[in-house]
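Accompanying notes for the structure given below.
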Amino acid sequence: MDATTSGASSVQYHNIAEQTIASLVPAPVTHQRQQRHCFGNASPGEFPLSANPSIVLHFLTGCNLDPQDLAKLEASATCSFFRQPAHFAPDYELSLAELAALDMCQKRAIFKPMTIEQREDLKQRCGGSWKLVLRFLLAGEACSRREKSQAIAGPGHSIAVTSKGAVYSFGSNSSGQLGHGTTDEESRPRLIRSLQGVRIIHAAAGAGRTMLISDAGQVYAFGKDSFGEAEYGTQGNKLVNTPQVVESLKDIFVVQAAIGNFFTAVLSREGKIYTFSWGDESKLGHQTEPNDLEPRPLLGALENIPVVQIAAGYCYLLALACQPGGMSVYSVGCGLGGKLGHGTRTDEKQPRLIEQFRTLNLQPVVVAAGAWHAAVVGKDGRVCTWGWGRYGCLGHGNEDCESVPKVVEALSNVKAVHVATGDYTTFVVSDDGDVYSFGCGESSSLGHNTAAADEQGNRHTNVLSPELVTSLKQVNERVVQISLTNSIYWNAHTFALTDSDKLYAFGAGDKGQLGVELVANQTERANPERVEIDLS
């Protein structure tokens with residue numbers, strides 16, 4: 001900002017080391033009205049920082065600075081900036097950057113209802129700094145689309161959440177997983193009316209089961225009451241066909257859920273992971289019955305490290321952790337195919353750090369767990385994949401397995417911001433909204449309509465290296481999220497959500513899970529088609 005052009009007098013900027021407010025402000029004294037100044041060699045004048053913490057906050061919060069910028073901040077400002085009131089009483093022990101970070105934390109939805117004690121506990125869990133708390137909150141919002149519209153391509157059924165928190169469901173409903181009070185299939189999106197008055201911020205779908213998270217941290221579940229695969233695993237005796245609050249989670253403020261085959265994990269507001277069901281203490285460190293709904297805290301390395309995102313695949317769990325030194329990924333569960341990323345194929349009973357990202361000098365910001373493989377997007381836009389490489393789902397030009405994360409070199413000219421994985425399929429979204437996919441081409445779920453180029457009309461060609469999904473390019477919409485079926489027992493379908501909240505679907509639609517009209521005898525859509533639903 002140019003002080004001269006704004007009409008204010010010029011201010012000499014100094015290279016000021018970050019200090020606490022107490023060290024900047026002497027004991028209150030009475031000043032005569034003289035020249036106005038905010039900081040300089042003299043004592044503070046009419047605008048002592050400790051008496052008005054909104055000083056520089058307008059500048060700091062109005063520029064959408066990254067938390068790391070706050071950490072490095074050394075600033076002075078003209079008095080014309082000081083127009084925005086602070087959101088809290090002055091704290092003489094906080095530095096300017098810490099004060100600004102706390103002010104920005106106050107605006108986050110999950111931070112507002114926390115008590116003073118809960119906030120302090122979160123601060124200590126994050127490393128003792130409000131800047132680190134802010135980074136934790138922002139990272140969770142970014143990678144989970146919290147408070148924004150979402151689309152979930154579950155096994156045979158689909159869930160769509162509007163930006164205002166309303167929920168639509170459609171597709172297979174044999175276990176009541178659509179939440180409408182029936183077991184009838186729905187081929188068009190239908191509003192779950194029993195949730196009227198409840199704002200949903202996150203959804204998760206498993207085989208025959210759905211979980212929804214409200215902005216108050218409550219978990220609603222419906223469908224099967226056990227966690228095995230709907231057709232092939234352990235069957236529960238009870239079907240719930242309308243959303244019911246999970247009583248055992250009432251005392252935990254939940255912000256995310258992930259349904260993995262035979263178990264479910266939830267993430268608390270404080271970044272703690274709880275799991276329930278599995279039935280084998282060699283997997284998640286506890287022995288339970290298959291339909292046990294009692295949450296167990298995930299023990300081990302992540303007990304005192306805040307987690308911002310969880311992702312579940314076939315019998316394993318990934319956790320994106322936020323530590324003072326940066327972001328990292330932990331894995332636990334079944335290691336078949338090398339999908340845990342530790343260079344082996346052995347199981348891990350408790351969470352273990354994936355160390356390869358340090359070697360690659362990559363800061364993970366988004367993590368995705370497919371059935372047999374996994375992927376990560378780095379802060380610099382690089383994409384890493386690892387696990388079982390069947391059908392080319394790792395994008396390395398072959399079908400080899402990789403037991404540690406490996407950079408997808410074919411995407412070296414693409415800055416990725418989002419990644420999604422399914423059953424041997426992978427999608428990557430770039431910062432300009434382009435979409436790339438690779439892996440298994442069954443059910444036309446990759447979006448590559450190759451029928452015109454293939455004399456035999458084969459749209460199910462496997463793709464070993466990333467290819468631009470030109471069918472999505474043609475809709476002239478910027479894609480921000482991809483969701484695809486993550487189950488080994490269901491034909492896959494895919495959703496593409498745009499920045500204007502338009503939803504496009506393609507892939508398998510035999511149960512109505514696409515939410516679009518299919519002609520007679522048609523069971524899939526090769527090209528993306530707009531789903532008639534308002535997510536804005």
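Glycine too: its Cβ is placed from the backbone N, Cα and C atoms.
According to TrEMBL, the protein has these features:
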| type | residues | note |
| --- | --- | --- |
| DOMAIN | 149-484 | domain 'RCC1-like' |
| REPEAT | 165-216 | repeat 'RCC1' |
| REPEAT | 217-270 | repeat 'RCC1' |
| REPEAT | 271-323 | repeat 'RCC1' |
| REPEAT | 327-380 | repeat 'RCC1' |
| REPEAT | 381-432 | repeat 'RCC1' |
| REPEAT | 433-500 | repeat 'RCC1' |
Next item on the list: Quick one: find which recorded stretch in 327-380, 381-432, 433-500 has the most Cβ pairs under 8 Å with the repeat 'RCC1' (165-216).
Entry: 433-500
Notebook entry, point to check: Where DSSP helix means H, G or I and strand means E or B, what are the helix, strand and coil counts for the repeat 'RCC1' (327-380)?
Noted result: 7 helix, 25 strand, 22 coil
Next item on the list: Go ahead and report the DSSP secondary structure tallies for the repeat 'RCC1' (433-500): helix first, then strand, then coil.
Entry: 7 helix, 23 strand, 38 coil
Next item on the list: Express the predicted model's confidence over the repeat 'RCC1' (217-270) as a mean pLDDT, rounded to an integer.
Entry: 80
Check: Mind checking how the repeat 'RCC1' (165-216) divides into helix, strand and coil residues in DSSP?
Finding: 3 helix, 24 strand, 25 coil
